[in-house]
Structure formats: structure tokens, C-alpha cells
Amino acid sequence: MSHVLAAVAWPYANGPRHIGHVSGFGVPSDVFARYMRMTGHDVLMVSGTDEHGTPIQVQADAEGVTPRELADRYNRVIVADLHGLGLSYDLFTRTTTRNHYAVVQELFEGMYRNGYIVPKTTMGAISPSTGRTLPDRYIEGTCPICGYESARGDQCDSCGNQLDPIDLRNPKSKINGETPEFIETEHFFLDLPALAGVLRQWLDTREGWRPNVLRFSKNLLDDLQPRAITRDLEWGVPIPLEGWRDRGDKRIYVWFDAVIGYLSASIEWARRSGDPEAWRRWWSADGQGKDAPGYYFMGKDNIVFHSVIWPALLAGYSGEGSRDGQPGELGRMNLPTEVVSSEFLTMEGRKFSSSRRVVIYVRDFLERYDADALRYFIAVAGPESNDTDFTWAEFLRRNNDELVAGWGNLVNRSISMAAKNFGAIPPVDPAGLTEADEALLAVARAGFGAVGELIGRHRQKQAIGEAMKVVAEANRYLSEQAPWKLKSEADRPRMGTILHVALQVVSDANTLLTPFLPHSAQKIHELLGGTGVHAPMPVVEEVEDLDGGPAYPVLTGDYSVGARWESVPLEVGRPLDPPKPVFRKLDPSIVDEELARLAG
């Protein structure tokens with residue numbers, strides 16, 4: 001058993017999350033974490049709500065509330081959404097905890113001591129009409145690199161390059177449309193050029209990454225520039241240096257503090273577990289965690305922060321760049337093993353947009369449909385390696401033709417026939433298994449290797465496809481063997497054998513699909529007469545801040561129980577009851593209903 005870190009991108013707490021968000025960071029990470037636990041690994045899956053930065057401050061000002069009040073509101077909404085989806089976080093926390101502030105400031109101070117954070121005078125944007133600072137994200141213009149006309153002041157979403165507002169052509173304020181003025185201001189910069197060598201060495205060893213992620217990351221190293229990590233802002237983590245700590249107008253930039261959340265969440269989890277040093281088993285590069293792999297899950301717009309910025313912070317804190325230096329009190333820490341990036345999900349051919357009502361929020365989806373229906377769609381048709389379009393017609397088809405008519409039908413008819421004719425798991429005919437019986441059982445057993453290998457390589461579309469092939473083979477077997485035709489007493493042993501084989505394959509297929517469809521997996525486990533926890537679920541707990549701050553909700557859970565990644569022989573004679581359908585067949589009218597909602 002090894003320790004495995006599953007670090008999941010932090011959803012921003014300025015509103016509810018839509019299904020496009022969870023298709024990138026949520027479901028893929030949970031599938032991976034559940035599979036790794038089922039194979040015996042000690043997984044630590046962490047994340048939380050990202051609660052600092054300009055968008056929250058601007059929105060709070062517009063609503064007449066404090067940034068903390070706004071973050072509190074949406075933190076609870078997001079926690080409820082992710083709980084409803086069954087995402088199995090060991091800890092889902094937030095970036096406004098005092099623990100997080102302390103860890104962020106420790107990394108900042110350590111990098112500053114090592115010379116990888118340096119002060120620099122730069123040009124900052126202000127609003128001519130109000131005199132207030134204009135944050136990068138609220139300035140748009142033409143990208144000087146690719147010509148994209150809606151590039152933000154911090155990043156171009158078209159070419160992916162990081163930018164400064166002053167570099168934009170024809171910059172405009174997104175708040176009121178005016179042209180910003182640029183004035184001198186002092187900030188701290190991350191000296192990325194001094195860390196380029198160690199980053200390149202590390203990326204050269206990442207041969208197993210998705211090609212687009214690795215190629216994009218290496219290209220970023222060709223022209224690395226120092227990057228500002230503080231901002232003229234009132235809402236954020238204070239700068240932990242003499243003369244700066246008490247300044248109300250300067251804060252650490254949100255992208256710097258958010259990626260450190262993976263570490264601070266791990267430390268918080270350890271403190272809450274009663275072993276404050278336990279986090280080192282997943283992080284320490286010199287001790288017991290030196291061989292622990294770390295997998296980072298996100299959408300493609302966050303690649304740069306995980307393949308360049310975060311490794312640079314870890315390397316700089318450890319003193320591993322061209323300036324050398326000494327590790328801080330947290331010690332040397334592991335760089336990411338793999339950055340697992342998903343592409344974008346669109347909706348009915350358009351980009352998700354709350355303002356244009358091109359959106360379906362997770363909470364609204366879960367009010368009308370089952371969580372596993374969405375999880376299935378994301379797994380089988382999500383944006384794993386290409387931008388993918390969510391349409392209600394395709395969602396309906398996948399649900400009714402595959403989930404209900406394929407998997408649900410196999411479960412229902414196998415258990416129904418066994419319950420009706422035997423009332424229990426039937427025995428195998430003493431005469432033995434036929435070639436057809438053996439062949440189907442072999443297909444199911446082979447699925448554990450095939451599906452598991454694909455999940456381990458983050459090929460989840462192929463993985464669930466292999467699992468559904470087992471389902472299709474079992475349905476074909478039942479149709480060919482036709483146990484319902486074996487009505488005589490002499491045929492009863494053969495009927496029992498067919499149904500025993502079918503039920504065994506249902507059990508095996510259920511295990512193969514458990515990482516993808518945990519809610520239904522638990523139900524099917526119970527329909528097969530199983531007891532106890534098959535697919536453990538997260539719980540929402542209200543906790544006190546460990547260092548005296550306000551209380552807040554977290555997602556956590558006990559995932560040490562549950563199924564293992566193996567075929568478990570069914571117990572002959574275990575009672576079976578007539579099953580109720582596991583999946584809901586959806587009426588075709590939902591397509592027009594949902595499209596009407598989009599039209600507003």
C-alpha cells in the first residue's frame with residue numbers, strides 16, 4: 001500500500017458551481033480516488049473553496065455585504081453541491097481559515113528568505129473616475145501574443161499565456177468601460193527565471209502526462225518572467241513581512257494563496273485527525289512521503305498554475321533554484337507526479353455563461369435528476385481530452401439507452417428472475433459450468449485489470465467503456481441462454497446456474513462501476529443481499545476553526561470501509577427480494593422543458 005495524494009482544484013466561492021465546473025475537477029478526481037482506495041492505497045483527497053481575490057470583493061461591494069459574508073454564503077452552497085454528487089473528499093475546507101493563512105505566510109517567508117520572492121516597482125491600473133485600483137481580472141483588451149480581443153489583464157484564455165494589464169492593446173475596464181490609467185506601485189514578484197532550470201528538469205521526467213498538458217507546460221518555460229504575487233487589494237492573506245503585515249491596501253495575490261491550499265488542507269486534515277505530522281506521509285520529499293505520488297485535477301485554464309507556478313513555489317521554498325537556499329520549517333516537499341487536466345464542457349453549443357443563462361447549476365440539476373446520471377454522462381461523454389458539448393438530448397439518450405436499458409436492465413432482470421424462482425442466490429448445477437458460462441465469467445474477471453489500468457492512467461472514458469462492455473456481454477448471455485424458458489423441474493438446476501453466473505457478473509460489474517456510480521453501486525450491493533458499506537459517502541460536518549476563527553462546514557468521511565477491487569464470490573442461499581429499478585427512465589419531454597429554461 002502506498003500513500004496517494006489527490007489534489008483537486010478549488011472552486012471559486014463567488015457563486016454556485018455549474019456542471020461544467022464539476023466535469024473538470026470534481027467527478028474525474030473522485031473516480032480516481034475511489035479506485036485507488038479500492039486497490040488498497042491510502043488516499044488523501046483534499047480541496048476547498050477559493051475565497052480571496054478581486055471578483056469576490058467587487059461582488060460583495062455590489063451586494064452591500066462583506067467579502068467574508070459572500071464567501072460564507074457560497075461556501076455552504078458549494079459544499080452541499082459536492083456532497084450531493086458524492087465526491088469523497090477526506091477534507092474539503094476553505095482558504096479563509098487561520099490555518100491556511102499561516103501556511104501561505106510560511107511559504108511566502110521561506111521563499112523570500114531564499115531570494116525567490118523579490119520586491120519590484122511596477123505599473124498598476126487605476127480607475128480615472130474613482131481613483132480605485134483596477135484589478136487585473138477587471139481589465140480586458142487585445143492579447144499582445146495571439147490577438148484575442150477579450151484577453152484579461154492576468155491571462156489570455158485563448159493562448160493560455162499569463163499577461164500584465166499594461167501589455168494589453170486597447171485595455172478597458174470591465175466595470176465601467178473606461179480606459180485605465182497606470183501608476184507606479186510596489187509589489188513582490190516570484191522570480192520564475194531563477195526557477196526555470198529546476199522546472200525544466202522536472203518536466204523532462206513527466207513522460208506519462210497527457211501530451212497537450214506537457215507540451216503547453218514546456219512552452220511556458222521558453223519566456224518565463226518574474227510574476228507579481230501581491231496586489232493592491234484589501235481582501236486576501238496579509239503580506240508577512242515587517243512594514244507590510246499591517247498594510248490594509250496590499251495582499252497576497254489569490255493565485256499564490258489558492259494553490260498552497262493543497263498543502264494547508266492536508267495539514268488541517270492531519271491536525272483534525274489527531275496526528276499533526278501525518279500530512280508528511282503524502283508530502284515530505286526527504287522522509288516517509290518521498291515516494292508518495294501526487295495527482296492534481298483541474299480544467300485546462302488552470303494548467304499553468306499547477307505545472308509551473310505551484311512547482312516553482314515548492315522548489316523555491318525548498319531552495320532548489322539557481323539561488324539555492326534552505327528549506328523552511330515544513331521541509332522539502334514533493335513536486336506533482338501528474339497534472340491531470342480536462343478540457344472544457346460547453347452547453348448546447350455555447351460557452352457556459354451565468355449572465356446569458358447558458359447554465360445548469362449542480363444544485364438545480366440534483367433537484368431534478370439523480371447524481372449518478374450526471375456522473376455517468378461526465379465519465380462516458382465528458383471533456384477528458386477534447387472540448388465536449390452537453391446537450392439535453394444526448395443526456396437523455398445516454399441515460400435511457402445506456403444507463404437504464406443497459407446496466408439497469410441487467411440488474412433488474414437478473415435479480416428479478418432469481419428472486420421469483422429461487423428467493424435467494426441459486427446454486428451452480430453440480431454438472432458444472434458450460435463454455436458460455438466460463439466465457440462470461442472470464443470477461444468479468446478480465447475487467448478488473450482492463451478497467452483499473454485505464455483509470456490509473458486517467459483514461460476514464462475508455463475505462464467506463466470497458467466496464468459497460470461487461471454489462472453488454474452479460475445482457476447478451478442472458479438473451480442467448482433464456483433462463484425464463486427453462487420451466488420444467490429437470491431444467492431447474494440449469495436455470496439456477498445461468499442466474500448464478502449472471503448475478504456474479506452483476507456483482508463484478510457493480511464493483512467495476514463503483515468509482516463512477518457510487519450511489520447506485522451501494523443500492524445494487526444491497527439488492528444482491530449485501531450488507532454494510534459498499535461505496536462510502538462523504539458527510540458534511542460543522543467544525544470550529546482550529547485556531548479560533550469562525551466555524552464552517554467541511555466535507556469529510558471514513559473511506560477505510562467499502563468494496564475492494566476484486567471479484568467476490570456470491571454466497572449461495574443469500575436471500576433476494578424483488579428489486580425496484582435502480583435508475584430512472586426519463587421522459588423525452590425533459591429536453592424541451594430544459595431548453596425552455598435556458599431560453600428564459
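All residue numbers here begin at 1 and follow the chain in the order shown.
Cβ coordinates come from backbone N, Cα and C, glycine included.
Look at Swiss-Prot and you will find Cys143, Cys146, Cys156, Cys159 tagged as Zn(2+) binding site. Under the DSSP three-state reduction, Cys156 (Zn(2+) binding site) is assigned to coil, being neither helix nor strand. Cβ neighbours of Cys156 (Zn(2+) binding site) (same chain, under 8 Å, six or more residues apart in sequence): Cys143, Ile145, Cys146, Tyr148, Leu163.
In the three-state DSSP reading, Ser354 (ATP binding site) counts as coil. Long-range neighbours of Ser354 (ATP binding site) (same chain, six or more residues apart, CB within less than 8 Å of its CB): Gly15, His18. Taken from Swiss-Prot, the feature ATP binding site covers Ser354.
The motif ''HIGH' region' annotation in Swiss-Prot covers 11-21. In terms of DSSP helix, strand and coil, the motif ''HIGH' region' (11-21) has 3 helix, 2 strand, 6 coil.
Remote same-chain residues near the motif ''KMSKS' region' (351-355) are listed as 15, 18, 20, 344-345 (criterion: CB distance under 8 Å, separation of at least six residues from the stretch ends). The feature motif ''KMSKS' region' is assigned by Swiss-Prot to 351-355.
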In terms of Cβ proximity under 8 Å, which residues at least six beyond the ends of the motif ''HIGH' region' (11-21) contact it?
47, 49-51, 53, 55-56, 59, 70-71, 74-75, 77-78, 81, 94, 299, 344-347, 352, 354, 359-363, 365, 374, 378, 390
Could you tell me the mean pLDDT over the motif ''HIGH' region' (11-21), as a whole number?
96
Site of maximum Cβ density within 10 Å, from binding-site residues Cys143, Cys146, Cys159
Cys143
